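Working notes, structure below.
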Amino acid sequence: MFRTCTKIGTVPKVLVNQKGLIDGLRRVTTDATTSRANPAHVPEEHDKPFPVKLDDSVFEGYKIDVPSTEIEVTKGELLGLYEKMVTIRRLELACDALYKAKKIRGFCHLSIGQEAVAAGIEGAITLDDSIITSYRCHGFAYTRGLSIRSIIGELMGRQCGASKGKGGSMHIFAKNFYGGNGIVGAQIPLGAGIGFAQKYLEKPTTTFALYGDGASNQGQAFEAFNMAKLWGLPVIFACENNKYGMGTSAERSSAMTEFYKRGQYIPGLLVNGMDVLAVLQASKFAKKYTVENSQPLLMEFVTYRYGGHSMSDPGTTYRSREEVQKVRAARDPIEGLKKHIMEWGVANANELKNIEKRIRGMVDEEVRIAEESPFPDPIEESLFSDVYVAGTEPAYARGRNSLEYHQYK
């Protein structure tokens, strides 16, 4: 009965043309340098907006009109986005070095190459909006307002860490940032729950529930989509499609790889996740749509991770080194924005070099402070403290060890 089936293991080739378009699957570009602006229209003032034209192929919609490709930005916004992305990359490179020096143990998932997604989303929302994501969370933790030392300290298990050194890489939290989640796809229904709370409290805010292409096949994703549509929740389900779920390409694991269409009855938006300006514009559009209509939206950011799935994965057994080098050389999100900044006269190479030098020094100093922070006290009580944010603890708790049969305060 299976004679007519395609042989297991054969998948269509994914071809990338010179413009960065993925042939045969989708029309969105992954080029980070397609935006256009006239340098003559760029004002001297850092807070005065000027027009930028995004490429027509940075968006693709499903049951929804795509955002306008005519946007306005300021010098200050562009430099702020550049600083955010450079800081995230320096943070992740520091994590890489500390892990290899065995100062970070356990799980550690880096987002080098995906910086435009975190920076662009944060630039489009406020700190009153919420974000929940997967274990690849360091960049989002930083954009949500955590210090570098609190992130690095958490990874090294130090008291200065965001979770007092007891959560590790996958369990980092801040106000309106709900992690870092260690279970694949677990954050998707939790994101729907945050959206429910926002609607119940009548807040004009939205939630970004981010997950990867690998997690998109989890059953709980579809359950969350259904409830969000049924109840009209202001949630943006955002898939960071970095092409590989652990070591399996999307084409080998998913019968349908257009993840922005997975909601069926929920509109979707495909976005060039390597272009921070496209991410910024799409995220502004998504927030406006979900808040004003009290409805969910699916998004897919087409991006790429340079490293392996985690620090224990070299990332070269299921893809070639040439593939990674080609993307890094041609479509790097930081280099793409850097090119625009210089071409449009926002800043020159020397000014950008000074920014990079300042960020490198800041990250190095934060790492030094984190390394000097002590470990949690090696006593039994430490295992059961810092479960809740100070001031939010329940009046009573029980069952923290086998001898506690009664409630206690």
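A Cβ is built for glycine as well, from the same backbone N, Cα and C atoms used for every other residue.
Among Thr6, Thr10, Thr87, Thr205, the residue that Swiss-Prot annotates as phosphothreonine is Thr6. Of the candidates Ser163, Ser310, Ser320, Swiss-Prot records phosphoserine for Ser310; the remaining residues carry no such annotation there, which does not rule it out for them. Site annotation (Swiss-Prot, ligand pyruvate) includes Tyr135, Arg136, Ala174, Gly182, Val184, Asp213, Gly214, Ala215, Asn242, Tyr244; from His46, His109, the additional listed residue is His109.
Screening Tyr178, Tyr200, Tyr306 against Swiss-Prot annotations picks out Tyr306 (annotated as phosphotyrosine).
The distance from the Cα of Asp213 (pyruvate binding site) to the Cα of Asn242 (Mg(2+) binding site) comes to 7 Å. When other Cβ atoms within 10 Å of the Cβ of Ser312 (phosphoserine) are tallied across all protein chains shown, the result is 11. Looking at Asn242 (Mg(2+) binding site) and Tyr306 (phosphotyrosine), their Cα atoms lie 9 Å from each other. Same-chain residues that are not part of Asp213, Asn242, Tyr244 yet have a Cβ within 8 Å of the Cβ center of the Mg(2+) site turn out to be Gly212, Gly214, Glu240, Asn241, Lys243, Gly245, Ser249, Ala250, Tyr304, Arg305.
Secondary structure at Tyr244 (pyruvate binding site), taken from DSSP and collapsed to helix, strand or coil, is strand. Binding-site extent for thiamine diphosphate: residues Tyr135, Arg136, Gly182, Val184, Asp213, Gly214, Ala215, Asn242, His309, maximum pairwise Cα distance 18 Å (rounded to the nearest whole number). Listed in sequence order, the recorded positions from Tyr135, Tyr306, His309, Ser310, Ser312 having a Cα within 10 Å of the Cα of Tyr244 (pyruvate binding site) are His309.
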